[in-house]
Amino acid sequence: MAHSHSHTSSHLPEDNNARRLLYAFGVTAGFMLVEVVGGFLSGSLALLADAGHMLTDTAALLFALLAVQFSRRPPTIRHTFGWLRLTTLAAFVNAIALVVITILIVWEAIERFRTPRPVEGGMMMAIAVAGLLANILSFWLLHHGSEEKNLNVRAAALHVLGDLLGSVGAIIAALIIIWTGWTPADPILSILVSLLVLRSAWRLLKDSVNELLEGAPVSLDIAELKRRMCREIPEVRNVHHVHVWMVGEKPVMTLHVQVIPPHDHDALLDQIQHYLMDHYQIEHTTIQMEYQPCHRPDCHLNEGVSGHSHHHH
């Protein structure tokens, strides 16, 4: 049997990605503060709800920026994977904060149905339009230019695109108030925008908890991966003890592979590593090659479960 380890590295244009993220973060964070101040001055709850939605974008951009920065830090003896998991922890805290903010906004909206308050429609309209333009600018900053963007930049662009709906909601509420003076439009739209925030927060919470619990990437079908390896690599007879987890946005894998004793061990190992890289974008793999079938009870234990503890035979 043999135990081998591979860690290939890819070089993305990190400075370009960091610059995009920094500019978009500045625009989004700045207009989020404008919406918070404008929401209090105009009395508009829809603007405050949209500011909450913009907070999800600001946080997504910040985490993406931190991921780019922390990915440059080399691992240490104490932190052998570096500091990438820190962004996941921050995302988890942010998701909980967003849920709390959303509950407070919905509670305030219900109170406003009972006791309506005046809303300054003109100011609300001006700030909502400015917020919409800020979102468009942020999306353009993230999306234009080089096509080689990392996953964080793409995810941040989708966050900003989703926030356009929140700004449109605030504009609709402002138009209704200006034309009809019907102020309940404001809490109604604020609840609708809050549902968008809650959806983003729930997705963020689910993804961050999955990563903190060292769950496998949602997009990866481990059973299918094992079948394909046995089918497409002639020397591979069986794949077991497969464990996959995420560190930042990078998947890490350990696995045991039963193989036909090869004429060239290193060539077969290299073939398996390249197969996982090319088909599943897994750069960091630890492969234990075995020449005898594994008949122990734990050979197929926890096959659907991700983690990085595994037994050596």
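One is the number of the first residue shown, and numbering goes on along the chain from there.
In case you wondered, yes, glycine gets a Cβ from its N, Cα and C as well.
With respect to the membrane, N17 and F113 are recorded by Swiss-Prot on different sides. Here the listed stretches are 21-41, 122-142, 182-202, and the one with the most C-beta pairs under 8 angstroms to the transmembrane segment (48-68) is 21-41. Remote same-chain residues near the topological domain 'Periplasmic' (42-47) are listed as 35, 105, 108-109, 112, 117-121, 123-124, 127-128, 131, 169-170, 173-174, 186-187, 189-190, 193 (criterion: CB distance under 8 Å, separation of at least six residues from the stretch ends). Among 21-41, 90-110, 122-142, 122-142 has the largest number of CB pairs under 8 A with the transmembrane segment (160-180). Away from its own ends, the topological domain 'Periplasmic' (111-121) comes close to residues 41-45, 174, 177-178, 183-184, 186-187 of its chain (Cβ-Cβ under 8 Å, at least six residues beyond either end). Per-class residue totals from DSSP over the topological domain 'Cytoplasmic' (69-89), listed helix then strand then coil: 7 helix, 0 strand, 14 coil. Put simply, of 90-110, 122-142, 182-202, the stretch with the most CB pairs closer than 8 A to the transmembrane segment (21-41) is 122-142.
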